[in-house]
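To start, the structure under review is shown below, and the notes come after it.
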Amino acid sequence: MEEQKKAHVAAMESSNSYPKEMSISISNGQSDTAAPSSAGATGDEGRKWHACICGSNAFIFFSEVKGLFKQLSLLDRYLYVWIFVIMVISIVFGYYVKRVKKAFQVAEIASVSLPIAIGLWVMMYPVLCKVQYEILGQVLRQAGSMKTLSLSVVLNWIAGPAIMTGFAWATLPDLPEFRNGVILVGIARCIAMVLIWNDLAKGDEDYCAILVAVNSILQIILFTPVALFYLRVVSRGSGFHVSSWTVAKSVLLFLGVPLAAGIITRLILMNAFGRKWYTSKFLPFIGPWALIGLLYTIFVMFSIQAHQIVDNIGHVVRVAVPLLLYFGMVFFGSLALCRWLNVSYPLAVTQCFTAASNNFELAIAVAVGSFGIDSKEALAATIGPLIEVPVLLLFVYVVGFFQKKWPSS
């Protein structure tokens, strides 16, 4: 890539497209450009000089983007295509094929379809196998660990639910049932798909596991009182009821099962075959399962809700508005805050995706248990992942461009 840049600049310098007084040097992907030194430079020369600089910078930028794109595997590189295709196919399939919803909901676990639960386990298992559990204690003892955990708690349990409630009221004042469902999505902090987004964006895997564990514990303690506060006190609603056991059961099933499997797998295989074999052979083998599990989960989820989505397309579009505002504000607000606090890039990525992601499994389970499976609250909770999946996938690509420009902490 460096040779391409130098060749491009040499070609520019040999041409007459800009004054000879201008010099360009490329070093480590940065351009150091001097303006025309002649005091009598004309306006045309200045415009030519500016155009050449813009062209050179654009060449460097797109070269970096192309290089970043080529580093991804085929599955990762076109993940946005696979997700979009799966979403379309699943909605068409679920809408026109009879008894699809009944077939996928033939068995449930914690008010969530068993096929969806299986997809979540398959999706999370490879990521949790990567976590270095043996050094988590050392990571927690590092300087700045408490600041990282405190920042995560503030973003997830104070800022997140308040921002989602504010956007829900601002955009859905005349749709109280859908508004309640959106608020539930904002209160349910993510303990599953954040592992995927963090892995794709090259965040800190060990800290992500720690933050997920902290959120899991806090979810059992705080979800019910926070939900009651925003749905009954702030929104002055009624009909909401959920026990702490409902929340704990969701956490144990959708995080505890794959977490236990990941820990056991790591301990047994590393002791039996060694760390080198585990990291060079086993992890690359199971790595694609995470994205395959994600695509499978999306297919099942949207097939089940196809009629609800199509029959209420107007309300779906309206519910998407507060969700889009929330994901954008929380993610980029967290990113700006981490930059201001001089947080390292991997930790900043982990903080942003942890704060912006939501536990749609829990939100759907609580909405179904409190308001009914065909309720508008349950539909709004289902729309959550419909918006979250493509938006956070887009953020994975966007945040990658900040990596080289991120200051060292």
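Cβ coordinates come from backbone N, Cα and C, glycine included.
Noted in TrEMBL for the protein shown:
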type	residues	note
TRANSMEM	78-97	transmembrane segment
TRANSMEM	109-128	transmembrane segment
TRANSMEM	149-172	transmembrane segment
TRANSMEM	178-197	transmembrane segment
TRANSMEM	209-231	transmembrane segment
TRANSMEM	251-270	transmembrane segment
TRANSMEM	282-304	transmembrane segment
TRANSMEM	316-341	transmembrane segment
TRANSMEM	353-373	transmembrane segment
TRANSMEM	379-402	transmembrane segment
Original post:
Do the transmembrane segment (316-341) and the transmembrane segment (251-270) come together with 3 or more C-beta pairs under 8 Å, pairs six or more apart in sequence?
Top reply: no
Subject >> Chain residues outside the transmembrane segment (109-128) and at least six past its termini with a C-beta under 8 angstroms from it >> reply: 192-193, 195-196, 199, 205, 209, 246, 249-250, 253-255, 257-259, 261-263, 265, 283, 286-294, 296-297, 300-301, 304, 361, 364-365, 368-369
Original post:
Are there three or more C-beta pairs under 8 angstroms joining the transmembrane segment (209-231) and the transmembrane segment (149-172), sequence spacing 6 or more?
Top reply: yes
**OP:** Could you name the stretch, out of 78-97, 251-270, 379-402, with the greatest number of CB pairs under 8 A to the transmembrane segment (353-373)?
**Re:** 379-402
**OP:** Return yes if the transmembrane segment (379-402) and the transmembrane segment (251-270) have at least 3 CB pairs under 8 Å (sequence gap of 6 or more), otherwise no.
**Re:** no
**OP:** Mark yes when the transmembrane segment (251-270) and the transmembrane segment (78-97) have three or more Cβ pairs under 8 Å (sequence separation 6 or more) and no when they do not.
**Re:** no
